[in-house]
C-alpha cells in the first residue's frame, strides 16, 4: 500500500498518518528524515546533498528522488509506505512516475483556511516543558497558565494568524497543481484519489480512511 498524503499544515494529517502507520504497519517517509539519515550515513547521495546544503542551496529533485528510491527499497517498505511532504511539485510527481514508483492512494485532507487559522491560533504553549494547550479544544485549568507550573503560556510564532495564513498561501500555491495532477492520474486509472473532510472528529476520519483502504 503506497500512499501520498496531501493537506495543509493544521489539517490533521499527522494524526491520521500515525493511524495509518499503526493500522497497516507501513513506515512514514519524510524527505527531511531521509536527508538527515543519508548525510549521517555518508552515502553517495548523502555527500551530494551535504555539499549542496553547505553551499546554502536547495537540494535538487534528482537527489531527493534518488533518496526516495533508496528508502523504499528497504525491507520495512515491503508492505508499502506513506509519503508526507513529497512530492511538492509536478516535476517531483513526474519524477516518481518516471522512476517506476507507483502510488496506490492519494489522500487529501480538506479543511477551510479559516478553520485552520482558528485551530492553530488557539494553540498555547509552555515552552520549557513542551506542553501544549488549545483555548477551545484543550484549555488549561487556569486561563493563560501551565497546569503543572502555573507559568505563563505563549503563542508560538508558527501559530500566529499571520504566519498561518502565509504558510497556507504557500501550501495552496504549491499543492493546487498536485491535486489536479493526481485527480487526472486517478481518472486515468493510475491511482485512487480520496478526499476526506478534516473538520470531522479524528476517530470519524480514521474510520472513513479504514473503510476506503479496505
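In case you wondered, yes, glycine gets a Cβ from its N, Cα and C as well.
Per Swiss-Prot, these features apply:
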BINDING   10, 11, 12, 13, 14, 15, 123, 132, 133, 200  ATP binding site
REGION    30-59  region 'NMP'
BINDING   31, 36, 57, 58, 59, 85, 86, 87, 88, 92, 156, 167  AMP binding site
REGION    122-159  region 'LID'
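Where Swiss-Prot records a feature, it is marked here on the structure.
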{"residue": "10", "record": "ATP binding site", "Cβ contacts under 8 Å, 6 or more apart": "111, 116, 119, 120, 164"}
{"residue": "12", "record": "ATP binding site", "Cβ contacts under 8 Å, 6 or more apart": "109, 111, 198, 202, 205"}
{"residue": "14", "record": "ATP binding site", "Cβ contacts under 8 Å, 6 or more apart": "84"}
{"residue": "31", "record": "AMP binding site", "Cβ contacts under 8 Å, 6 or more apart": "64, 67, 68, 85, 86"}
{"residue": "57", "record": "AMP binding site", "Cβ contacts under 8 Å, 6 or more apart": "none"}
{"residue": "59", "record": "AMP binding site", "Cβ contacts under 8 Å, 6 or more apart": "35, 49, 52, 53"}
{"residue": "88", "record": "AMP binding site", "Cβ contacts under 8 Å, 6 or more apart": "174, 175, 178"}
{"residue": "133", "record": "ATP binding site", "Cβ contacts under 8 Å, 6 or more apart": "123, 124, 125, 126, 139, 140, 153"}
{"residue": "156", "record": "AMP binding site", "Cβ contacts under 8 Å, 6 or more apart": "123, 125, 127"}
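Just so you know, the Cβ of residue 86 (AMP binding site) picks up 21 other Cβ atoms within 10 Å once every protein chain is counted. Once the Cα atoms of 31, 36, 57, 58, 59, 85, 86, 87, 88, 92, 156, 167, the listed binders of AMP, are compared pairwise, the greatest separation found is 32 Å. The number of other CB atoms found within 10 A of the CB of residue 123 (ATP binding site), across every protein chain shown, is 21. With DSSP states grouped into helix (H, G, I), strand (E, B) and coil, the region 'NMP' (30-59) comes out at 22 helix, 1 strand, 7 coil. Along the region 'LID' (122-159), the predicted structure has mean pLDDT 94.
The ATP site in the record is lined by 10, 11, 12, 13, 14, 15, 123, 132, 133, 200, and its two most distant CA atoms lie 21 Å apart. DSSP assigns residue 14 (ATP binding site) to a helical segment in the three-state reduction.
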